[in-house]
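What TrEMBL lists as compositional bias 'Acidic residues' is 442-458. Under the heading domain 'PH', TrEMBL lists 17-125. The domain 'EF-hand' annotation in TrEMBL covers 135-170, 171-206. Taken from TrEMBL, the feature domain 'C2' covers 608-735. Look at TrEMBL and you will find 442-469 tagged as region 'Disordered'.
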């Protein structure tokens, strides 16, 4: 039942055999919290349990499917700080998906550390490479292990009843017993491996899919090639290429070789198609990089992070390079670095004037150098908030130049003065610094051949459109003559090329005084007010110049705002507190899930046209309204909200939310289904009218109804309207942290109807 390759490795691989015996290791949470724990890989090869000592009461520590990777001790920020206490070679870090804290462990020897690092990575690789069927087999194996309470390799009816509760199933006892007896082919009164699989299949029979299959199948046994083509064209809205697609899908999903040869699809093959990526609501054509990447940077929404170094709140939270690793791994293309004078001449990164901890700037730059292009090779922007003295600014410039090397863009492309911002394609593999600058780009290009450092006097600085706060921050030199020494160090200033920070006064001021390579930052409230007061001007401004929006300083808990309303005005860099899960991050993740998760999404054409008449608050023609019908049909294997309540079963409902321009923002929900998280059926249709679908984002969220308090979150999936497929589709749910809840899903029918052009 378990994926056979994993089973083979568990009995032959020396590292995995040692891990199943168990080992004492030191679990490290901080410099003061270092405790011995006994860790052991369970016989299923999928979970690691721990106890206070060997032979002690064990409890689950983590599942292999939750692990993203395993790092050496040298790569652990925490273990490096304890290098005097433990040899780094004996340490390693288990890194989890999502926002779960890393697990730092120290073994008793280098050999033991190697055993666990190699073994864990092997298991992670095996799980990652599993196909759809293998993942389902593994999921079933996990449930069998949980249900087989006395671990004798078979399940009695009492154990099956308990398992049904764990799996969120409320079922008539007689019906459950009849399914049990049918599956018990050996008539032993218990279910063993394959018998349990048959029991599960009977339990999960999809009557609604069977009915759909029979609607298109003449004999109710199979879909011929022509019948399947009809289904793809009529229901799935697959246009002209449906015959080719039908052949491809049969070859991929039909389990029987004879069916493949005869070009027919059985019910099992049909269900396999509907549950696969091919039957997903997210259009697979939008998964790779599919957009034009040769337009100016200002024509893209850019995945951006606020106070990237923080992994918790804004007042007392921990600063960590882990914040940068997580942001960069999820495709973020603009990270923030708040840098201040540190001890021993080394600048530090932290949230100034707060109790947040501090990390070295050079460690941040080294982390950025390592992870910048692991997820996306399109340009990364370092938003530098510089609070350093002249001397430590020179150190900043030195670290950026020496550590980033060729990755750092320090001169204009080809040494030429452009007329617009370069494209993501032109800047591939480059890191750009956003910050304050002494000169204009034009002066930079003119001065490129001069080797002397510019000595700036105040008049010259004012002539080059220096920010007011910079103009105030000049120190008079010792001789108190006219020559003044700027606080901004020329070496650091020179590293800012296309992203010169300037204060915003008004849109007319920007148009008259600023250049395309200058960028203004706006607080969320300032940006919102500008959208209300001058929405069309903001849209036009964002066609040629970049804007960065950041959360209110009052969000000390690292909460987020809704990025959608800022995207509606074409704001490119809407910075999010990525450490905080929730609705707002779901919307952000939803938009950037497309285009290869590269962190750049091309804005709709009406947000790229400098003459655009679009106003996000008052959209007028030629935008065509569309009506969306969502039939919420059924749910599959929904997880429990609270795993500690063994007997509680969820009462699920589905809420469909649309976020876009103000007039399009809406939410509707189904009724709840009582006591059924395993295969609830709703069969309800929700209807939405949308004026500007190009800007709409859809969020499907499943909740557990609770009449006494707020409905509890079960799972969600968010995607852009433009990436949504029509027809019968499965929506595979994600946790609050954005991690797959496989095999939890909801089954829907999506239909979009275009209305006639709206009169203005």
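The backbone N, Cα and C atoms fix where each Cβ goes, and this holds for glycine too.
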Contact ranking winner - 17-125, 135-170, 171-206 against the domain 'C2' (608-735), Cβ under 8 Å: 135-170
Mean of the pLDDT scores, which run from 0 to 100, over the domain 'EF-hand' (171-206): 84
Three-state composition of the domain 'EF-hand' (135-170), taking helix and strand from DSSP: 23 helix, 2 strand, 11 coil
For the domain 'EF-hand' (171-206), the number of residues DSSP places in helix, strand and coil: 22 helix, 1 strand, 13 coil
The domain 'C2' (608-735): DSSP-derived helix, strand, coil residue counts: 9 helix, 60 strand, 59 coil
